[in-house]
Amino acid sequence: MSPRPEVAAVSPPRSVPRGPARPDERALAPDLARGAMLLLIVLANTPWYLGSYDLPATAHPVDGAALDRVVRFVMIVAVDARSYPMFALLFGYGMVRLYDRQRAAGGGERAAAALVRRRNLWLLAFGFAHAALLFAGDILGAYGLAGLVLGGLLLRQTEPAVRLWAGLLGTLVAALFAFSAAAAVMALADPASAAGDAGPTAVQALLQVTFTDPDAATAMARRAVLWPLAAVAQALSLIIPAAVAVGMWAARHRVLERPARYRRLLVRVAVAGVGVGWLTGLPQALAHVGLLEVADPAYAALAGLATLGGPAGGVGYVAVFALFAARYNARAPRRMGRAAVTVLTAVGSRSLSCYLAQSLLCAPLLAAWGLGLGAHLGSAGMAGVAAAVWLLTAAAALALHQARRRGPAEALLRRLVYGRAV
């Protein structure tokens, strides 16, 4: 494996790793995107607490007031299956930048790769604890597993090799998208073949009991058993690996740290990505609110189309925030703009703590084994709870930012990964 040109001359290798990125080393665009992404994540996760599994491949109920239907429509078009690919891209980007910082500080290739591998292993441990204690839909395990595989394959490879892998995985996702689109068209064109009530999918059934079981110990045991299956399934789903690989390629060019240089690329990605993401979610949204009459199997096909269009939307969102960062850096921002950016970056730079805090706040409040309030809310009320949870975590992150302190989860992960020497 050939070393990267910009780090090939580093010598001699250091045995002690340098620490994580300092505040003055952090780029604006990734933290902005992470901060906003966490709002999308809590909006996407909380509908599972509603306990309604009327249609296949979704946690959204079908009844409710007009406002509930509007919320579901927006969620399906713009949020569901879009936030996690966005997170995966940023995860891949950060993994490469961590490796690069170690190499630039004098670390050897093997030592830098070992540090990244150790971080991914600890993310697996964090993910298991998160799932077992609080939330069955944990994503940390899948990212840790994808990071172990793709990090081992690509961190020490040349840029063309990373580009090849990103293109290959992206092509496979596109092929699945094409098959899903064809299945959706056939199901809509031949209603008789798609007639019937499909009911909840196997994944829905497995997840449902972790939210609706009133016994806390039983629910915890179910989540612990489900977690390894879910982590492996998500990591091998192609969507997460493809997004991680694209993030790794972008990090090789430092696209998010130099958004002005890559403005033309980012504009194209933003327009195409968000457009594809929203358009592919539109048929499912129309069907869900009753504006498009379909049977359950056809609805499942439309949901598959929306899910496979999600990576395009997630990548497009990242490009939008990168363009905003370029504009923000180039012009004197207004006071309100500065305040919003400060809050988003405070959350984004403490994304692990804020992500875990979301479950810490939501699970005891909404799950049946806790206070069980989720079963008494509609979609609009649940979206309000999600927004309130994000605001609480944002307030805590801002307080930590003003005190110049890391998030508690970041501090713990740093100690575990880097040790006491850093």
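Every residue, even glycine, has its Cβ placed from backbone N, Cα and C.
Those TrEMBL annotations? Automatic predictions, nothing curated.
Positions annotated as domain 'DUF418' by TrEMBL: 250-419.
Positions annotated as region 'Disordered' by TrEMBL: 1-25.
Remote same-chain partners of the transmembrane segment (142-158), defined as residues 6 or more beyond its termini with a Cβ less than 8 Å from a stretch Cβ, comprise 1-4, 87-88, 91-92, 95-96, 99, 109, 112-113, 116-117, 119-124, 126-127, 165, 230-232, 234-235, 240-241, 244-245, 248. Taken from TrEMBL, the feature transmembrane segment applies to 142-158 (among others).
Annotation comment: TrEMBL describes 165-189 (among others) as transmembrane segment.
Below 8 angstroms of C-beta separation, residues 84-86, 88-89, 91-92, 95, 124, 127-128, 131-132, 136-139, 141-147, 149-150, 166, 169-170, 172-173, 176, 206-207, 210, 307-308, 310-311, 314-315 of the same chain, each at least six residues beyond the ends of the transmembrane segment (224-244), sit close to that stretch. The transmembrane segment annotation in TrEMBL covers 224-244 (among others).
Counting only same-chain residues 6+ beyond the ends of the transmembrane segment (265-286), those with a CB under 8 A from a CB of the stretch are 58, 72-74, 76-78, 80-82, 177, 184, 255, 259, 292, 299, 302-303, 305-306, 308-310, 312-317, 319-320, 322-323, 326. Per TrEMBL, transmembrane segment is recorded for 265-286 (among others).
The transmembrane segment annotation in TrEMBL covers 298-326 (among others). Counting residues 6+ beyond its ends, the transmembrane segment (298-326) has Cβ neighbours under 8 Å at 27-29, 32-33, 36-37, 40, 55-58, 76, 78, 80-90, 173, 176-177, 180-181, 183-184, 187-188, 191, 194, 198, 201, 239, 242-243, 246, 255-256, 259-260, 262-263, 266-267, 269-281, 283-285, 287-288 in the same chain.
For the transmembrane segment (352-371), the residues of the chain that approach it from at least six positions outside its boundaries are 38, 41-42, 45-46, 49, 51, 126, 130, 134-135, 140, 211-216, 219, 377, 382, 385-386, 389-390, 392-394, 396-397, 407-410, 413, judged by C-beta separation under 8 angstroms. For 352-371 (among others), the entry in TrEMBL reads transmembrane segment.
What TrEMBL records for 377-400 (among others) is transmembrane segment. Same-chain residues lying 6+ beyond the ends of the transmembrane segment (377-400) with a Cβ under 8 Å from its Cβ atoms: 35, 38-39, 42-43, 45-47, 49-50, 60-61, 64-65, 67-72, 75, 342-343, 346-347, 349-350, 353-354, 357-358, 361-362, 365-366, 406-407.
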Average model confidence [pLDDT] within the domain 'DUF418' (250-419): 94
Outside the transmembrane segment (165-189), six or more residues from its ends: residues with CB under 8 Å to it: 150, 153-154, 238-239, 241-242, 245-246, 248-249, 280, 283, 294-295, 297-298, 301-302, 304-305, 307-309, 311
